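Going by TrEMBL, these are the annotated features:
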ACT_SITE  67  active site, for OMPdecase activity
ACT_SITE  69  active site, for OMPdecase activity
ACT_SITE  69  active site, proton donor
ACT_SITE  72  active site, for OMPdecase activity
BINDING   18, 40, 67-76, 132, 194, 203, 223-224  substrate binding site
DOMAIN    12-239  domain 'Orotidine 5'-phosphate decarboxylase'
Ligand code: C5P
């Protein structure tokens with residue numbers, strides 16, 4: 001694989017804007033304006049600031065991944081997905097654990113929004129396989145799914161592909177197995193990224209940005225190593241540089 005340019009590397013980074021309110025999030029977004037990275041809006045920010053913060057990020061020309069991990073009955077997920085398509089997000093996710101009918105309903109919801117002229121474009125939809133904070137023992141002993149973590153992840157990835165989703169959220173450690181099972185064009189979005197020497201926090205299945213790119217991951221979700229840095233733009237730049245060396 002040819003080495004990435006700085007611009008290509010930047011367009012693969014999704015910065016997790018895990019901030020408690022719109023002011024804090026938009027301050028951080030301003031510091032990262034023009035870098036070419038995505039913004040990932042998760043529950044903490046969305047539940048506090050609502051759709052307007054997404055509209056503001058879109059107005060500032062960021063691509064937005066809305067990480068709300070929908071998991072409900074198919075009819076509710078269809079309606080929720082239609083609303084997110086209308087909002088104009090570029091990517092959102094649902095839980096693979098919701099099953100085939102639920103994931104298919106998400107695809108139908110966004111198609112309905114486009115057909116009805118409520119949305120300009122179809123957002124990409126991906127499935128959460130297993131959270132990157134889930135360890136093998138949590139999977140087997142608490143969630144009571146038997147077998148190896150990687151098998152559970154690949155199973156959900158195949159189910160997501162059958163439902164018509166474009167990809168999955170997974171640990172970078174699982175990218176090779178997912179691509180092997182679902183094809184190289186099946187998108188992988190990987191949190192659990194930690195530059196060498198960075199604190200793990202609550203993540204348990206982690207990889208460096210350099211290794212994640214080498215494994216073929218499409219998008220790297222990175223939160224605290226950037227957002228908790230004294231200078232987030234500098235931290236992002238260091239990570240992008242590391243990715244181009246892969
Ligand atoms: O700060 P950190 O780099 O650990 O942030 C990772 C981000 O990715 C968080 O916003 C978290 O909610 C999200 N995420 C994750 N594992 C998943 C899906 C999303 O860590 N499987």
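Note: Cβ is positioned from N, Cα and C throughout, glycine not excepted.
Recorded features from TrEMBL, shown on the structure.
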residue: 18; record: substrate binding site; DSSP class: coil
residue: 67; record: active site, for OMPdecase activity; DSSP class: strand
residue: 72; record: active site, for OMPdecase activity; DSSP class: coil
residue: 132; record: substrate binding site; DSSP class: coil
residue: 223; record: substrate binding site; DSSP class: coil
Residues with Cβ closer than 8 Å to the Cβ of residue 68 (substrate binding site), same chain and 6+ apart in sequence?
42, 43, 46, 84, 92, 93
Find the shortest Cα-Cα separation between residue 67 (active site, for OMPdecase activity) and the binding-site residues 18, 74, 132, 223, and name the residue that gives it.
18
Long-range same-chain neighbours of residue 223 (substrate binding site), Cβ under 8 Å, sequence gap at least 6?
15, 16, 18, 40, 191
Annotated recorded positions 18, 69, 72, 132, 223, filtered by Cβ under 6 Å to ligand 1:
18, 132, 223
For each of the recorded positions (18, 67, 72), count the other CB atoms lying within 10 A of its CB, then report the residue with the highest count.
67
Pairwise Cα distance for residue 72 (active site, for OMPdecase activity)/residue 132 (substrate binding site) [Å, integer]:
21
On the 0 to 100 scale, where does the mean pLDDT of the domain 'Orotidine 5'-phosphate decarboxylase' (12-239) fall?
96
Using a 10 Å radius around its CB, how many other CB atoms surround residue 132 (substrate binding site)?
24
